[in-house]
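K.L.:
In case it helps, TrEMBL gives these features for our protein:
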type: TRANSMEM; residues: 63-81; note: transmembrane segment
type: TRANSMEM; residues: 87-108; note: transmembrane segment
type: TRANSMEM; residues: 120-140; note: transmembrane segment
type: DOMAIN; residues: 151-262; note: domain 'Phospholipid/glycerol acyltransferase'
Amino acid sequence: MDIDRPNIEEYLTPDSIHTPLHQKLLLRDLLDISPVLTEAAGAIIDDSFTRCFKSNPPERWNWNIYLFPLWCFGVVVRYGILFPVRVLVLTIGWIIFLSSFVPVHFLLKGNNKWRRKLERYLVELLCSFFVASWTGVVKYHGPRPSIRPQQVFVANHTSMIDFIVLEQMTAFAVIMQKHPGWVGLIQSTILDSLGCIWFNRTEAADRETAARKLSEHIKGSDNNPLLIFPEGTCVNNQYTVMFKKGAFELGCTVCPVAIKYNKIFVDAFWNSRQQSFTMHLFRLMTSWAVVCDVWYLEPQNLKPGETPIEFAERVRDIISVRAGLKKVPWDGYLKYSRPSPKHTEQKQQIFAESVLRRLEEK
């Protein structure tokens, strides 16, 4: 008892240490500190979850008189030279795309085969202009995806630009949350031509409709390859959260795709709760470059006796190992139901006051 005494005295009164265990005083003191233990455990859990959705700020390097002028020169180059040039490149891309896409979409309605082929090529071209507007340095590993029935591609999710990076190589039909603004306009016009599937995660009816469309899409022999981000939300490219099982209970071949961004110039993670997609693109276009690796991995099938949940975890293991990501056992949708920062700060304040009160009593 003497060995443990210094640690116990931090929580219990000296009298309670010598009190027999069956007496109420020790029990009362233990119950008195139980909220503290509960808060501590909750803080640990909360930290392991929230760090999946936090962008780590880069280390400051312009800390002295020698480096600060270089940093200022870099700011001038990135914002005064590179950004206007990149805007021009993206504008030219949109002009070329729209001047070609509109005639193809409306004039070739009688010839679906050629129309779909040209639309597919034009979307790939537009995505290439987007990647060029960030000075994207993307290295693709593995065979290029092909159009085959009964297969679906699944990838880890860091930002909406994941879709653009993959789309410039192959015109995927993606299942995605419906977005407002100009992104929603592109979804409902241009991307609809690829057979993309939109849903609202807050509407149960939308999720049921999306599941039905998934099953119908993978059966078509001429449909664009289907791309799904089974995490259901953007994660900071350091972790992978739980995969939704929907893509793994379709009874088809699952082709894993691992995406890893190099943060040497910019962090590609998009926190949609703190930043609009327009501002996210602005941050990418004012960086030096976006560096990325994409691995098309070996296709996987459901093994005998394996459940869809186990299948999803096995594919998540494959992607996590290839991209060097850490697995965490959290559902990404909890990100949308967490308490507000104001409520969290209030809880932290209450906890701090309770600890200070106990210290003063001692």
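Yeah, the Cβs are placed from backbone N, Cα and C, and that goes for glycine too.
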K.L.:
Could you give the residue numbers and ranges of same-chain residues that sit at least 6 residues beyond the transmembrane segment (63-81) on either side and whose C-beta is under 8 angstroms from one of its C-beta atoms?
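P.N.:
Contacts of the transmembrane segment (63-81) (Cβ under 8 Å, skipping residues fewer than 6 from its ends): 286-288.
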K.L.:
For a three-state summary based on DSSP, what are the helix, strand and coil counts in the domain 'Phospholipid/glycerol acyltransferase' (151-262)?
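P.N.:
Final tally across the stretch: 37 helix, 28 strand, 47 coil.
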